[in-house]
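Shown next, in structure tokens, is the structure this report addresses.
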Amino acid sequence: MASKAVYSHRDPMLKKRDDFEDILEERRNTSDLRYALRCYTPALYKGLTPCTASQLKTMVLQSDQLLYVINQVSKETGTATDEIQSEAEAILEEMAHRLQLSTIRFFAFTLSKIFKTLFRSICVNEEGIQRLQQTIQEQPVVLLPSHRSYMDFLLMSYILYTYDLALPVIAAGMDFMGMKIVGEMLRMSGAFFIRRSFGGDKLYWTVFSEYVKIMLKNGFAPVEFFLEGTRSRTAKSLTPKLGLLNIVMDPFLKGEVFDISLVPVSISYERILEEALYARELLGVPKPKESTSGLFKARKILSENYGSIHVYFGQPVSARSLAEGRVDRSQFNLTPRHIPRKPSEGIQDFVNDSAFRLVRSQEENMVLKPWVLLAALLLQNQAAGNKLGVLVEDLTEQAVWLRDLSRQFGAFLHWPDHIPPSRVVSSSLSLHRSLVRVSEGRVQLNLEPGFPPPAMTPEEELLSKAVVVLSCASYRNQVLHVFIRAALLASAIHSVAGSRKQEIFNAFSFLRNMFSNEFILRPGAEVQDFEEACYLLVKSAVLQVHQQEVLVTDRGHRTLAFLTSILDPFVQGYQMVCRFLCEEAAESLTEKQFVPGVRKFFIKHLLTGGLKYVEVLSSDLQKNALAALLRLGAVQKLRGGADEGTLKVNTVMVNSLEDTLGGKLPTQKPLAARL
Amino acid sequence: MASNSSGDESGRHQTARHRLSVIAGHLQRPSDRNAALLAVDCKAQGSKPNVKTSDRDEGRTVPRRRQEIMKWNGWGYSDSRFLFNKKGQAEFTGKRYRLSGMIIPGLKDWMEGTFGANLQHKTQATPVLNTSAVQPPMLNEAFVEELKSTGIPFSHEAEDRVFRAHGHCLHEIFALRDGKIGRVPDMVVWPNCHNDVVKIVELACKHNVCLIPYGGGTSVSSALECPPEETRSIVSLDTSQMNRILWIDEKNLTAHVESGIVGQDLERLLNESGYCTGHEPDSMEFSSLGGWVATRASGMKKNIYGNIEDLVVHIKMVTPRGVIEKSCQGPRMSTGPDIHHFILGSEGTLGVVTEVTIKIRPIPEYQKYGSVVFPNFEQGVACLREVARQRCAPASIRLMDNEQFKFGHALKPQVSSIFTSFLDGLKKFYITKFKGFDPNRLCVATLLFEGAREKVLQHEKQVYDIAAKFGGLAAGEDNGQRGYMLTFVIAYLRDLGMDYYVIGESFETSVPWDRVLDICRNVKARIIRECKDKGVQFPPLSTCRVTQTYDAGACVYFYFAFNYRGLSDPVHVYEQVEHAAREEILANGGSLSHHHGVGKLRKEWMRETVSNVGVGMLKSVKDYVDPNNIFGNRNLL
């Protein structure tokens, strides 16, 4: 079957997964102090020219690129080059890390203590570590961990230290700098700080990119950054940010190094430290500014059990192999390489595509705990209006069914097979007892306030429910990447009356396009995704796919129903956003007013029962919906003048999108790709 | 060493002469060659064509029957080859070169260490050509008949034809060693002069015969391969007998020379009159003046004398449309695009170059070799760049990387005196221990200075001063001289390698200065990676050197070889790796070729190299000059 072949070598990054080893186990048995003080001699890059942090700065300040831009800025602004030079020095000073081993040792000691109290285990795939060790010697390495928690980068350095690997330098957001002592300590453990936005500041950009490139090219240390740009509050992978990836690809594309190895790292937490915090943030309770005292207040979390962490170092991806046959590197032959140029469209597409592949491979290697499946089931149950909760036995049966399904779909599921499913379920429920309530053999989300209800307005009550639902959703979200393609197909089949393959594909493409800000869907891969979805659903005996037709088998309805309902909250959320824009958007709705406006609108409809999914209150979903509408041109953002940021709604188009989403309108014109 | 040149005037001259004899090698001086310097008319013009050719051959290297003195399936003279003697020591046979008859003690270890080669594992080349494996000639009878009447000598013997069916690409030589013969020319003709060529081309046009000009046969671009799709009779036009210097003009310092003359003869004959061209490509023993013009050759001393395009003053070429030449010998003209540039690099697709007026110079008064050791390749390149910036490059300056430095070391002949070996040891100690150079990183530049003695010494100081700024240490004349000598024997070494399952080749590019280091690193790494991917069992030799400096860039040479034991189709693997290496060169801003030319080996990249319009321009010239594709070697386009 053709689609099979497509699927099997769909993605070279997909490989059989390695086994894990718990690195805390040794920490529990031997001295942390000795561990923190042990001899540390990592293998280094073979082409390394050793240099100190201050030599590094000099190299940056004297680089051709920077000198060129300084001259350019000087000409444009009329400022003397000396002045700009010292400005560049100041930027670098503010940015640069001061990696020192003593700080790492300090962290190694304290983190050992903290990790042991917080987590049951920290599991790492040692084969991945070995691959990484090899790679670090051969090529400059870029580490790309997923980003779900503040813990991520300390954890990464901790693991690399544990395995005697070269410590990375880490691109961190400037907001950490607010925490005085901690900021400096992070700096000394290898973090360098970048401003969140520096739009048109050429000088800043050049200092920054040269700094990163020089560290990378010289093999000074592995460079680490988060492709997603920020912590995902929803536990779904975020659409990758391209800035830093562009920078690290550049030396390879311009031939300054032979190759660069990109190592996706998937960090999965059984329980996220920031769980409730994220939910509140998504509901509009503003995020507390990072401060040292705040961090100490967070210490009450120390008394809780956060289960285990799995860290999977993926197969290193060579930039060279990504670019093979895709990028014509000779395009850089005709201008001096130190003159900054906007990357060509081809390069942008290439970097974007690579970013999606890398994020996708992070997703693939995320370990999923049984609880993730339970969360998905409980949420569906709750949305179905089941007030009593579900019988534990039923939940167990459903969980086992879903376990088998997700395994067929290739999920990296850590379900302990040697333990009876009922015990797996009950222990998962107990770890997450803040989110679920078990009483009289029935399980449901812990939506009722435990204490005698204080006087709450219905709105407050709804929001407190929503905190639990969104927390729960953040677990369910972890499994979405496994099902998303099949879910899009299921929804497409659901929305199309007949069984004609082309029509289903059109509906699939429409949905896929609609939700491509919501999920990781590689641009331009419609056909591939469609075939993959078909392949999976045929494999699990849900569909029969013929030349012209797609037929649902008798056994397939349960799976299809599950898949459709997993996507349903998003479909409904997007529909309601459309409705909001058509009904409520006044002439002068600005981008800033959008989220509060939608929220109010949603709360109103939730309270009146016009809307069943509480999770649509997530500002993430709302923003993604807006981004999609902007991308599709249904909404326009005005620029400049007094109207800056005002949203101009194309009511007709938004309306028809809403109807198409609701299945009231057939997918209009077939999208670009055809089967 | 013999070129120790601290002495008097005559000593200096001796040095210069000695060097030339090193390069041009070895030949007995012909007793009388004055005749050659007369402006003789073409002997074939007379009614008795085939007589007296023997006296033309006197003092000339290349006979009509090349196979009499040269290998039919390897490089160079039949009597000169590397072999491992009964004691297992490497030895270079013959009497022609300075290395001839010497033992090279380090070579065995180097080959075993570098390639994992083993003296026990030998592959024998087919010793003699099996003429029955050669397709019988497909003759155009009418053409042959008319050719006979002109009296121009020709042959359709298998040996003659096979010899002209190949250059020296690895795959060509490998096939010959295997006894595999593909499409070969159906006939070989030896014109004696320009007019002979005119007649041959006329007849070829008249009878629709495919002509492939053949000069020295040293092509490494598959340029001489007969296109397998060619259905017409193919005639190889061997220019080797057009080898006279027709006149020397001392007032203007030019010489008018027939195009078939090979480099060593041209230099030697000019030397007799106190002149030289200074054009010394590494292949100069065998490559011909016409070949240089047709491929845009480059000589190692181009810093003083220029490349071939700087050297030629006038070119005469016979095309199917007639003869193309300029009407005067003015040193520069503003008369539209220079028609010489349609000829230079035309690779035998437009016609046959028959006569060239070339610049000559008095033999330099003084020559001196030198060498500099650098702590690493990066420093070496930086030094060469600075030398180029100051425009003070010596006649030749070449920088070898570490692997090549080691290779050069392995080729050191056995030293006769304990004293020399003691000195060597001392030098090594000084450089690695005292100066702290890492023997696995250091690299060496070889230098050749030429000119008036005072100036050479001054120049030498200037260059060494620059080198010192980049950590370079002067490392003596011997090392330098040996480096240049090796240039001429290195091609023989490939044959030795092939006896022991090692295949390899070199290829070149030119690249802007700021990319030299990047291209060297990336291409070498690409070769290693490709070999691994293609299943080569042993780590390959992947090395490079910078061989020429220009204002805006440099010429880089890559050497690449590997042990092919365990591979079912080594040549295919080799070709894939070379292809990948060329892709890498282009991706890193290197040119398709600096002086080897395009031939058929690299023509797939011509379009991206010169743009669509560029290809169209070249095509339209071809279409005008040779509408019936008489010059049908299918090179370039």
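Glycine is treated like the rest: Cβ placed from N, Cα and C.
Residues annotated as active site, proton donor/acceptor in TrEMBL: B:TYR557. Per TrEMBL, the feature FAD binding site maps to B:213-219, B:295-298, B:347-353. The feature substrate binding site is assigned by TrEMBL to B:ARG494. What TrEMBL lists as domain 'FAD-binding PCMH-type' is B:181-363. Feature annotation from TrEMBL assigns site 'Important for enzyme activity' to B:ARG398.
B:ARG398 (site 'Important for enzyme activity') and B:ALA297 (FAD binding site) are 17 Å apart (CA-CA, integer value). Separating the Cα atoms of B:PRO213 (FAD binding site) and B:ARG494 (substrate binding site) is a whole-number distance of 26 Å. Model confidence over the domain 'FAD-binding PCMH-type' (B:181-363) stands at 96, taken as the mean pLDDT rounded to a whole number. B:GLY348 (FAD binding site) has B:TYR557 as its nearest neighbour among the recorded positions B:ARG398, B:ARG494, B:TYR557, going by CA to CA distance.
Every protein chain considered, the tally of other Cβ atoms within 10 Å of the Cβ of B:GLY351 (FAD binding site) stands at 27.
For B:ALA297 (FAD binding site), the Cβ neighbour count at a 10 Å cut-off comes to 27, with all displayed protein chains included.
When the neighbouring Cβ atoms lying within 10 Å are counted for each of the recorded positions (B:GLY348, B:ARG398, B:ARG494), the highest count belongs to B:GLY348.
For B:SER219 (FAD binding site), the count of additional Cβ atoms within 10 Å of its Cβ stands at 29 [all protein chains shown]. When the alpha carbons of B:SER219 (FAD binding site) and B:ARG398 (site 'Important for enzyme activity') are compared, the span between them is 22 angstrom. Nearest to B:GLY351 (FAD binding site) in space, judged by Cα atoms and limited to the recorded positions B:ARG398, B:ARG494, B:TYR557, is B:TYR557.
For B:ARG398 (site 'Important for enzyme activity') paired with the residue listed as 'substrate binding site', the C-alpha to C-alpha distance reads 21 Å.
Rounded to the nearest whole angstrom, the C-alpha distance between B:GLY216 (FAD binding site) and B:ARG494 (substrate binding site) is 19. The Cβ of B:TYR557 (active site, proton donor/acceptor) lies under 8 Å from the Cβ of B:SER506, B:PHE507, B:GLU508, B:CYS544, B:ARG545, B:VAL546, B:THR547, each of which sits 6+ residues away along the same chain. Counting other Cβ atoms within 10 Å of each Cβ, the binding-site residues B:PRO213, B:GLY216 show the lowest value at B:GLY216.
Following the DSSP three-state reduction, the secondary structure of B:TYR557 (active site, proton donor/acceptor) is strand.
Following the DSSP three-state reduction, the secondary structure of B:ARG398 (site 'Important for enzyme activity') is strand. DSSP assigns B:PRO213 (FAD binding site) to a strand in the three-state reduction.
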